[in-house]
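Pulled from TrEMBL, these are the features on record:
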type: DOMAIN; residues: 23-308; note: domain 'Gcp-like'
type: BINDING; residues: His111, His115, Asp302; note: Fe cation binding site
type: BINDING; residues: Val134, Val135, Ser136, Gly137, Gly138, Asp167, Gly180, Asp184, Asn274; note: substrate binding site
Amino acid sequence: MKILSIETSCDETSVAIVEDGRKILTNRIYSQIDIHQKYGGVVPEIASRNHVTKLPYIIDDALSETHMTLAEVDAIGVTNGPGLIGALLVGLSAAKAIAYSLDKPLIGVHHIEGHIAANFLQFPELEPPFLTLVVSGGHSHLVLVEDYQTFKVLGRTIDDAAGEAFDKISRVLGFGYPGGPAIDKAAKLGNLDAIAFPRVFLDKSEYNFSFSGLKSAVLNYINGMKMKNEPINPNDVAASFQMAVVEVLVKKTIDCAKHIRMDKICMAGGVSCNSLLRQMMTEEAAKAGLSLHYPDPILCTDNAAMIGAMAYYNYINGVVSDLSLNGIPGLKIGTR
Ligand code: ATP
Ligand code: MG
Ligand code: FE
């Protein structure tokens, strides 16, 4: 079964064709990063307008790369939430128009379930159940994937998402947007023990996260140094901050897996590109005897192939949408 999928929840305009939820035939991604960079973050209205102008061409690209016509596609998958409402509606309108005009099934996909499903593309043998650390621009979740349709959130951030913290700290250090890749790079040149930033574990028996206290600690450090007229080494700040985030993410994930007796863990979302997170999670999972999977970076950040993978599992489990499918900015995981 070949599903054409569309992802426009934020600032990537992406169209993919995925076969049977596992095989990428094409995954075209147009990133608007250059456009939003000068504003220091994504401007929703500008994102929507760019989706409108670019999406038709990207659909054409995906079809021409695979030498397919729309008539040869079996179904249309589309992200319907969570995300920016204007941005979501662009992809959704296109998906509905294609599904209606060709009389093909329309399948709504939860963006975060899509991030998790990126693992199915990278690892064709991987099957639930497994525990996933989802860390992205807007989410930090520990999700137990019981089967292809049952997602249980065991922990979540009570304030900022991990990616949001990376983006904010990058901005104050002058590294710009998006912050994650910039901090990752700068941290390689810095000393991760240089500044003792707090590790926020909250109640140790809980799997929730909090990053706003760490963010304030970094800002206080920077302001304090400025007031004392002392020099700041941005690479040291980046390295120390990154270590404070990663240590908590890794410890909570491993503790949670042990607690629920789950020996398979995955990572998903843009922050799972982070090189220190990949390295430390690999080491700690090995020590604990857990298997670990995470996709290539291009499948961790926003892309339509992950939406096509999840759309397939929705479809074969009877979860098909109709033309009343709407964009839902705050769509909860496990709901449609
Ligand atoms: P969500 O999926 O929660 O709706 P989003 O779609 O904006 O949010 P993603 O595309 O999954 O998020 O990921 C983007 C985030 O990943 C950004 O916050 C970015 O800074 C972060 N990121 C990307 N690469 C890295 C990296 N190497 N290290 C840390 N963070 C990274
Ligand atoms: Mg993006
Ligand atoms: Fe995302």
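Using the three backbone atoms N, Cα and C, a Cβ is placed for every residue, glycine included.
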For the binding-site residues His111, His115, which Cβ has the most other Cβ atoms within 10 Å, all shown protein chains included?
His115
Report the binding-site residues (Val134, Gly180, Asn274) that meet this criterion: Cβ distance to the nearest atom of ligand 1 under 6 Å. Use sequence order and write none if nothing qualifies.
Gly180, Asn274
For a quick check of understanding: among the binding-site residues Ser136, Asn274, which residue's Cβ has the most other Cβ atoms within 10 Å?
Asn274
Among binding-site residues His111, His115, Val134, Ser136, Gly138, Gly180, close to ligand 2 by Cβ (under 6 Å) are none
Number of other Cβ atoms within 10 Å of the Cβ of Gly180 (substrate binding site) across all protein chains:
26
For ligand 3, pick out the binding-site residues Gly138, Gly180, Asp302 that have a CB under 6 angstroms away from one of its atoms.
Asp302
Whole number in angstrom, please: the longest C-alpha to C-alpha distance across Val134, Val135, Ser136, Gly137, Gly138, Asp167, Gly180, Asp184, Asn274 for substrate.
18
Mind telling me which of the binding-site residues Val134, Gly138 has the densest Cβ neighbourhood, counting other Cβ atoms within 10 Å?
Val134
